[in-house]
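Marked as ATP binding site by TrEMBL: 9, 10, 11, 17, 18, 145, 146, 147, 184, 193, 194, 195, 196, 197. Positions annotated as motif ''HIGH' region' by TrEMBL: 10-18. Among the features that TrEMBL reports, L-tryptophan binding site is placed at 133. Marked as motif ''KMSKS' region' by TrEMBL: 193-197.
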Ligand code: AQP
(Lines of atoms letter the chains of each structure in order from A and count residues from 1; the text may use other names and numbers.)
(Lines give C-alpha, C1' and ligand atoms only; values in the text may rest on other atoms or scores of the structure.)
Protein backbone atom coordinates (compact mmCIF):
# COMPACT_ATOMS: atom_id res chain seq x y z
CA UNK A 1 0.00 0.00 0.00
CA UNK A 2 1.40 3.42 -1.02
CA UNK A 3 0.42 7.02 -0.37
CA UNK A 4 -1.13 8.77 -3.38
CA UNK A 5 -1.77 12.49 -3.83
CA UNK A 6 -3.09 14.49 -6.77
CA UNK A 7 -5.06 17.66 -7.40
CA UNK A 8 -7.13 19.41 -10.03
CA UNK A 9 -7.67 23.17 -10.36
CA UNK A 10 -11.27 24.45 -10.19
CA UNK A 11 -10.48 26.77 -13.10
CA UNK A 12 -13.48 25.70 -15.18
CA UNK A 13 -15.56 22.56 -15.66
CA UNK A 14 -13.23 19.62 -15.99
CA UNK A 15 -12.63 18.20 -19.44
CA UNK A 16 -12.15 14.78 -20.97
CA UNK A 17 -8.40 15.55 -20.70
CA UNK A 18 -8.59 15.90 -16.91
CA UNK A 19 -10.84 12.83 -16.72
CA UNK A 20 -8.72 10.50 -18.85
CA UNK A 21 -5.34 11.91 -17.76
CA UNK A 22 -6.07 12.12 -14.05
CA UNK A 23 -9.44 11.05 -12.61
CA UNK A 24 -9.62 7.62 -14.23
CA UNK A 25 -6.28 6.80 -12.60
CA UNK A 26 -7.52 8.07 -9.21
CA UNK A 27 -10.47 5.69 -9.34
CA UNK A 28 -8.36 2.61 -9.90
CA UNK A 29 -5.80 3.63 -7.26
CA UNK A 30 -8.34 4.22 -4.48
CA UNK A 31 -8.85 0.50 -3.84
CA UNK A 32 -5.22 -0.35 -3.06
CA UNK A 33 -3.71 2.83 -1.63
CA UNK A 34 -4.09 5.64 0.90
CA UNK A 35 -5.30 8.46 -1.36
CA UNK A 36 -5.53 12.23 -0.94
CA UNK A 37 -7.32 14.10 -3.73
CA UNK A 38 -7.42 17.85 -3.62
CA UNK A 39 -9.30 20.73 -5.22
CA UNK A 40 -6.35 23.06 -5.73
CA UNK A 41 -8.14 26.42 -5.58
CA UNK A 42 -4.96 28.29 -4.58
CA UNK A 43 -3.38 27.15 -7.84
CA UNK A 44 -6.45 28.34 -9.74
CA UNK A 45 -5.94 31.93 -8.53
CA UNK A 46 -2.53 32.13 -10.23
CA UNK A 47 -4.61 33.56 -13.09
CA UNK A 48 -7.57 35.92 -12.44
CA UNK A 49 -10.79 34.16 -11.30
CA UNK A 50 -14.24 35.53 -10.57
CA UNK A 51 -14.81 34.84 -6.82
CA UNK A 52 -18.38 33.47 -7.16
CA UNK A 53 -17.42 31.38 -10.13
CA UNK A 54 -14.39 29.99 -8.26
CA UNK A 55 -16.59 29.01 -5.29
CA UNK A 56 -19.09 27.32 -7.63
CA UNK A 57 -16.35 25.57 -9.61
CA UNK A 58 -14.76 24.23 -6.42
CA UNK A 59 -18.01 22.61 -5.28
CA UNK A 60 -18.69 21.42 -8.79
CA UNK A 61 -15.29 19.75 -8.97
CA UNK A 62 -15.92 17.99 -5.66
CA UNK A 63 -19.23 16.65 -7.01
CA UNK A 64 -17.55 15.55 -10.24
CA UNK A 65 -14.79 13.69 -8.40
CA UNK A 66 -17.49 11.74 -6.54
CA UNK A 67 -19.77 11.31 -9.55
CA UNK A 68 -16.83 9.87 -11.50
CA UNK A 69 -16.46 7.16 -8.86
CA UNK A 70 -14.29 8.36 -5.97
CA UNK A 71 -15.52 6.88 -2.73
CA UNK A 72 -15.28 9.29 0.24
CA UNK A 73 -15.03 6.26 2.55
CA UNK A 74 -11.79 5.29 0.81
CA UNK A 75 -10.16 8.61 -0.10
CA UNK A 76 -9.58 11.96 1.60
CA UNK A 77 -11.17 14.63 -0.59
CA UNK A 78 -10.57 18.26 0.37
CA UNK A 79 -10.11 21.86 -0.71
CA UNK A 80 -6.53 23.16 -0.67
CA UNK A 81 -7.26 26.53 0.98
CA UNK A 82 -8.94 24.72 3.91
CA UNK A 83 -5.58 23.19 4.85
CA UNK A 84 -3.31 26.19 5.61
CA UNK A 85 -0.16 24.04 5.70
CA UNK A 86 -0.19 23.99 1.87
CA UNK A 87 0.42 27.74 1.56
CA UNK A 88 2.81 27.70 4.53
CA UNK A 89 5.00 24.93 3.12
CA UNK A 90 4.58 26.47 -0.35
CA UNK A 91 6.32 29.60 0.93
CA UNK A 92 9.18 27.55 2.39
CA UNK A 93 9.59 25.65 -0.90
CA UNK A 94 9.72 29.00 -2.74
CA UNK A 95 12.69 30.00 -0.62
CA UNK A 96 14.68 27.01 -1.88
CA UNK A 97 13.54 27.39 -5.52
CA UNK A 98 15.60 29.28 -8.11
CA UNK A 99 13.99 31.88 -10.38
CA UNK A 100 15.84 30.39 -13.39
CA UNK A 101 14.41 26.90 -12.93
CA UNK A 102 10.89 28.29 -12.44
CA UNK A 103 11.16 30.45 -15.57
CA UNK A 104 12.00 27.33 -17.60
CA UNK A 105 8.63 25.70 -16.86
CA UNK A 106 6.54 25.22 -20.02
CA UNK A 107 3.28 26.01 -18.21
CA UNK A 108 4.72 29.32 -16.95
CA UNK A 109 5.85 30.24 -20.45
CA UNK A 110 2.48 29.29 -22.01
CA UNK A 111 0.22 30.85 -19.41
CA UNK A 112 2.23 34.06 -18.98
CA UNK A 113 1.82 34.78 -22.71
CA UNK A 114 -1.91 35.35 -22.25
CA UNK A 115 -1.41 37.74 -19.28
CA UNK A 116 0.09 40.64 -21.24
CA UNK A 117 2.64 42.76 -19.38
CA UNK A 118 1.24 42.12 -15.88
CA UNK A 119 2.23 38.51 -15.27
CA UNK A 120 1.08 37.39 -11.78
CA UNK A 121 4.07 36.29 -9.66
CA UNK A 122 1.99 33.28 -8.56
CA UNK A 123 2.24 31.85 -12.07
CA UNK A 124 5.99 31.67 -11.61
CA UNK A 125 5.81 30.23 -8.09
CA UNK A 126 3.16 27.61 -8.94
CA UNK A 127 5.67 24.67 -8.84
CA UNK A 128 6.89 25.19 -5.23
CA UNK A 129 3.24 25.28 -4.09
CA UNK A 130 2.60 22.06 -6.01
CA UNK A 131 5.69 20.55 -4.41
CA UNK A 132 4.26 21.47 -1.00
CA UNK A 133 0.89 19.86 -1.87
CA UNK A 134 2.59 16.59 -2.70
CA UNK A 135 5.29 16.52 0.00
CA UNK A 136 2.99 17.29 2.94
CA UNK A 137 1.47 13.79 2.78
CA UNK A 138 4.71 11.73 2.41
CA UNK A 139 3.37 10.94 -1.03
CA UNK A 140 4.87 8.07 -3.01
CA UNK A 141 2.75 8.14 -6.18
CA UNK A 142 1.35 11.17 -8.03
CA UNK A 143 -1.05 10.23 -10.86
CA UNK A 144 -1.12 13.09 -13.40
CA UNK A 145 -1.36 13.75 -17.14
CA UNK A 146 1.76 14.31 -19.18
CA UNK A 147 1.55 18.14 -18.97
CA UNK A 148 2.31 17.98 -15.24
CA UNK A 149 5.36 15.71 -15.63
CA UNK A 150 7.72 18.72 -15.68
CA UNK A 151 6.23 20.09 -12.45
CA UNK A 152 6.70 16.68 -10.89
CA UNK A 153 10.38 16.71 -11.85
CA UNK A 154 10.87 20.02 -10.05
CA UNK A 155 8.92 18.66 -7.06
CA UNK A 156 11.41 15.80 -6.87
CA UNK A 157 14.37 18.21 -7.27
CA UNK A 158 13.09 20.46 -4.48
CA UNK A 159 12.52 17.50 -2.17
CA UNK A 160 16.09 16.30 -2.79
CA UNK A 161 17.46 19.81 -2.28
CA UNK A 162 15.60 20.19 1.01
CA UNK A 163 16.69 16.75 2.26
CA UNK A 164 20.32 17.50 1.45
CA UNK A 165 20.29 20.86 3.24
CA UNK A 166 18.20 20.05 6.28
CA UNK A 167 18.24 16.26 6.70
CA UNK A 168 16.08 13.62 5.05
CA UNK A 169 12.52 14.55 5.79
CA UNK A 170 10.63 14.29 2.52
CA UNK A 171 9.71 11.12 0.63
CA UNK A 172 10.67 11.46 -3.06
CA UNK A 173 7.45 10.92 -5.03
CA UNK A 174 7.08 9.09 -8.36
CA UNK A 175 5.00 10.34 -11.28
CA UNK A 176 2.38 7.96 -12.69
CA UNK A 177 1.02 8.61 -16.20
CA UNK A 178 -2.03 6.80 -17.64
CA UNK A 179 -1.35 4.02 -20.21
CA UNK A 180 -3.33 5.90 -22.90
CA UNK A 181 -4.62 9.47 -22.99
CA UNK A 182 -1.76 11.03 -21.04
CA UNK A 183 -2.16 14.07 -23.31
CA UNK A 184 -5.62 14.56 -24.77
CA UNK A 185 -5.40 17.21 -27.47
CA UNK A 186 -7.61 20.21 -28.28
CA UNK A 187 -10.44 19.38 -30.70
CA UNK A 188 -9.77 22.60 -32.61
CA UNK A 189 -5.98 22.53 -32.65
CA UNK A 190 -4.57 19.03 -32.16
CA UNK A 191 -1.07 20.50 -31.71
CA UNK A 192 -2.23 21.90 -28.34
CA UNK A 193 -3.46 20.03 -25.27
CA UNK A 194 -7.14 20.13 -24.31
CA UNK A 195 -7.62 22.66 -21.47
CA UNK A 196 -10.63 23.56 -19.36
CA UNK A 197 -9.75 27.27 -19.52
CA UNK A 198 -9.44 27.38 -23.32
CA UNK A 199 -11.43 30.46 -24.46
CA UNK A 200 -12.71 28.44 -27.44
CA UNK A 201 -15.41 26.15 -26.02
CA UNK A 202 -15.34 23.96 -29.12
CA UNK A 203 -11.77 22.98 -28.24
CA UNK A 204 -12.79 20.82 -25.29
CA UNK A 205 -15.55 18.53 -24.07
CA UNK A 206 -16.47 19.15 -20.48
CA UNK A 207 -17.81 16.29 -18.38
CA UNK A 208 -21.13 18.14 -18.13
CA UNK A 209 -21.63 18.88 -21.84
CA UNK A 210 -25.06 17.85 -23.16
CA UNK A 211 -25.37 15.13 -25.85
CA UNK A 212 -26.06 17.86 -28.43
CA UNK A 213 -22.95 19.83 -27.46
CA UNK A 214 -20.80 16.69 -27.55
CA UNK A 215 -22.06 15.75 -30.99
CA UNK A 216 -21.56 19.27 -32.32
CA UNK A 217 -18.02 19.57 -30.94
CA UNK A 218 -16.91 16.17 -32.25
CA UNK A 219 -18.41 16.85 -35.69
CA UNK A 220 -16.59 20.20 -35.82
CA UNK A 221 -13.28 18.78 -34.60
CA UNK A 222 -10.24 19.36 -36.79
CA UNK A 223 -9.01 16.36 -38.79
CA UNK A 224 -6.58 16.02 -41.71
CA UNK A 225 -7.77 15.99 -45.33
CA UNK A 226 -7.61 12.17 -45.70
CA UNK A 227 -10.42 9.76 -44.92
CA UNK A 228 -8.65 6.79 -43.36
CA UNK A 229 -9.08 5.88 -39.67
CA UNK A 230 -5.49 5.13 -38.71
CA UNK A 231 -3.59 5.79 -35.46
CA UNK A 232 -0.67 7.99 -36.49
CA UNK A 233 -0.16 10.79 -33.95
CA UNK A 234 2.65 12.33 -36.05
CA UNK A 235 0.78 12.73 -39.34
CA UNK A 236 -2.89 12.33 -38.36
CA UNK A 237 -3.06 14.21 -35.07
CA UNK A 238 -6.79 15.02 -35.06
CA UNK A 239 -8.04 11.56 -35.94
CA UNK A 240 -5.51 9.92 -33.59
CA UNK A 241 -6.81 12.11 -30.77
CA UNK A 242 -10.41 11.01 -31.50
CA UNK A 243 -9.20 7.39 -31.57
CA UNK A 244 -7.61 7.87 -28.14
CA UNK A 245 -10.94 9.18 -26.78
CA UNK A 246 -12.80 6.26 -28.34
CA UNK A 247 -10.25 3.74 -27.00
CA UNK A 248 -10.38 5.20 -23.54
CA UNK A 249 -14.18 4.89 -23.34
CA UNK A 250 -14.55 1.46 -25.01
CA UNK A 251 -11.37 -0.31 -23.91
CA UNK A 252 -10.69 -1.24 -27.57
CA UNK A 253 -7.13 -1.14 -28.92
CA UNK A 254 -6.08 1.10 -31.82
CA UNK A 255 -5.73 -2.02 -34.02
CA UNK A 256 -9.27 -3.11 -33.23
CA UNK A 257 -10.60 0.37 -34.02
CA UNK A 258 -8.69 0.50 -37.33
CA UNK A 259 -10.15 -2.90 -38.33
CA UNK A 260 -13.66 -1.89 -37.39
CA UNK A 261 -13.48 1.30 -39.50
CA UNK A 262 -11.56 -0.07 -42.51
CA UNK A 263 -14.33 0.72 -44.98
CA UNK A 264 -15.78 3.72 -43.17
CA UNK A 265 -14.83 7.38 -43.31
CA UNK A 266 -14.39 10.22 -40.82
CA UNK A 267 -18.10 11.14 -40.82
CA UNK A 268 -19.25 7.77 -39.48
CA UNK A 269 -16.33 7.54 -37.04
CA UNK A 270 -17.05 10.98 -35.59
CA UNK A 271 -20.72 10.07 -35.03
CA UNK A 272 -19.65 6.88 -33.24
CA UNK A 273 -17.07 8.72 -31.08
CA UNK A 274 -19.80 11.17 -30.03
CA UNK A 275 -22.19 8.27 -29.18
CA UNK A 276 -19.57 6.48 -27.10
CA UNK A 277 -18.81 9.66 -25.14
CA UNK A 278 -22.47 10.53 -24.61
CA UNK A 279 -23.26 7.02 -23.33
CA UNK A 280 -20.10 6.87 -21.22
CA UNK A 281 -20.71 10.22 -19.54
CA UNK A 282 -24.44 9.77 -18.88
CA UNK A 283 -24.22 7.83 -15.58
CA UNK A 284 -21.59 10.28 -14.30
CA UNK A 285 -23.77 13.25 -15.22
CA UNK A 286 -26.85 11.70 -13.53
CA UNK A 287 -24.90 11.17 -10.30
CA UNK A 288 -23.44 14.69 -10.51
CA UNK A 289 -26.89 16.36 -10.62
CA UNK A 290 -27.96 14.45 -7.50
CA UNK A 291 -24.78 15.27 -5.60
CA UNK A 292 -24.47 18.96 -6.37
CA UNK A 293 -27.74 19.71 -4.57
CA UNK A 294 -26.93 17.74 -1.43
CA UNK A 295 -25.47 19.02 1.84
CA UNK A 296 -23.72 15.64 2.10
CA UNK A 297 -21.12 17.07 -0.30
CA UNK A 298 -20.16 19.80 2.20
CA UNK A 299 -19.89 17.25 4.99
CA UNK A 300 -17.52 15.14 2.88
CA UNK A 301 -15.33 18.20 2.21
CA UNK A 302 -15.30 19.24 5.88
CA UNK A 303 -14.34 15.72 6.99
CA UNK A 304 -11.67 15.61 4.29
CA UNK A 305 -10.16 18.93 5.39
CA UNK A 306 -10.02 17.72 8.99
CA UNK A 307 -8.19 14.53 8.05
CA UNK A 308 -5.81 16.30 5.67
CA UNK A 309 -5.06 19.02 8.26
CA UNK A 310 -4.00 16.41 10.78
CA UNK A 311 -1.37 14.86 8.49
CA UNK A 312 -0.24 18.11 6.83
CA UNK A 313 0.26 19.99 10.11
CA UNK A 314 2.51 17.24 11.43
CA UNK A 315 4.77 17.45 8.36
CA UNK A 316 4.83 21.25 8.47
CA UNK A 317 5.85 21.23 12.14
CA UNK A 318 8.77 18.89 11.37
CA UNK A 319 9.85 21.08 8.44
CA UNK A 320 9.69 24.29 10.48
CA UNK A 321 11.71 22.70 13.23
CA UNK A 322 14.32 21.42 10.75
CA UNK A 323 14.87 24.87 9.21
CA UNK A 324 14.78 26.87 12.44
CA UNK A 325 11.30 28.36 12.26
CA UNK A 326 10.62 27.46 15.88
CA UNK A 327 11.65 28.59 19.33
N1 LIG B 1 -5.28 17.49 -22.06
C2 LIG B 1 -4.97 16.71 -21.04
N3 LIG B 1 -4.72 15.40 -21.26
C4 LIG B 1 -4.42 14.57 -20.19
N5 LIG B 1 -4.35 15.00 -18.92
C6 LIG B 1 -4.61 16.30 -18.68
N7 LIG B 1 -4.64 17.03 -17.56
C8 LIG B 1 -4.95 18.31 -17.87
N9 LIG B 1 -5.13 18.45 -19.17
C10 LIG B 1 -4.92 17.21 -19.72
C11 LIG B 1 -4.39 16.50 -16.23
O12 LIG B 1 -5.50 16.86 -15.40
C13 LIG B 1 -5.02 17.05 -14.07
C14 LIG B 1 -5.53 18.34 -13.51
O15 LIG B 1 -4.98 19.42 -14.18
P16 LIG B 1 -5.03 20.86 -13.52
O17 LIG B 1 -6.41 21.30 -13.37
O18 LIG B 1 -4.26 20.83 -12.26
O19 LIG B 1 -4.23 21.79 -14.47
P20 LIG B 1 -3.84 21.68 -15.96
O21 LIG B 1 -2.92 20.52 -16.13
O22 LIG B 1 -3.32 23.02 -16.37
O23 LIG B 1 -5.23 21.36 -16.67
P24 LIG B 1 -6.11 22.27 -17.63
O25 LIG B 1 -7.38 21.56 -17.91
O26 LIG B 1 -5.27 22.69 -18.80
O27 LIG B 1 -6.43 23.51 -16.70
P28 LIG B 1 -6.22 25.04 -17.00
O29 LIG B 1 -6.93 25.30 -18.29
O30 LIG B 1 -6.81 25.75 -15.84
O31 LIG B 1 -4.74 25.25 -17.10
C32 LIG B 1 -3.48 16.98 -14.13
O33 LIG B 1 -3.08 15.71 -13.70
C34 LIG B 1 -3.19 17.17 -15.58
O35 LIG B 1 -1.97 16.56 -15.98
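Just so you know, glycine gets a Cβ as well, placed from its N, Cα and C.
This view paints the features noted in TrEMBL onto the structure.
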{"residue": "9", "record": "ATP binding site", "DSSP class": "coil"}
{"residue": "18", "record": "ATP binding site", "DSSP class": "helix"}
{"residue": "133", "record": "L-tryptophan binding site", "DSSP class": "helix"}
{"residue": "146", "record": "ATP binding site", "DSSP class": "helix"}
{"residue": "184", "record": "ATP binding site", "DSSP class": "coil"}
{"residue": "194", "record": "ATP binding site", "DSSP class": "coil"}
Six or more residues out from either end of the motif ''KMSKS' region' (193-197), which same-chain residues have a Cβ under 8 Å from its Cβ atoms?
9, 11-18, 47, 145, 147, 183-187, 203-206
Pairwise Cα distance for residue 146 (ATP binding site)/residue 133 (L-tryptophan binding site) [Å, integer]:
18
Please check each of the binding-site residues 133, 184, 194, 196 and report the ones with a CB atom less than 6 Å from an atom of ligand 1, ordered along the sequence.
184, 194, 196
What is the separation, in Å, between the Cα atoms of residue 11 (ATP binding site) and residue 133 (L-tryptophan binding site)?
17
Whole-number Å value for how far residue 133 (L-tryptophan binding site) lies from residue 9 (ATP binding site) (Cα to Cα):
13
Largest tally of Cβ atoms lying within 10 Å of a Cβ, found at which of the binding-site residues 133, 146:
133
Distance check, please: Cα of residue 133 (L-tryptophan binding site) against Cα of residue 18 (ATP binding site), rounded to an integer number of angstrom.
18
With ATP as the bound species and 9, 10, 11, 17, 18, 145, 146, 147, 184, 193, 194, 195, 196, 197 as its recorded binding residues, calculate the greatest Cα-Cα distance and give it in Å as a whole number.
19
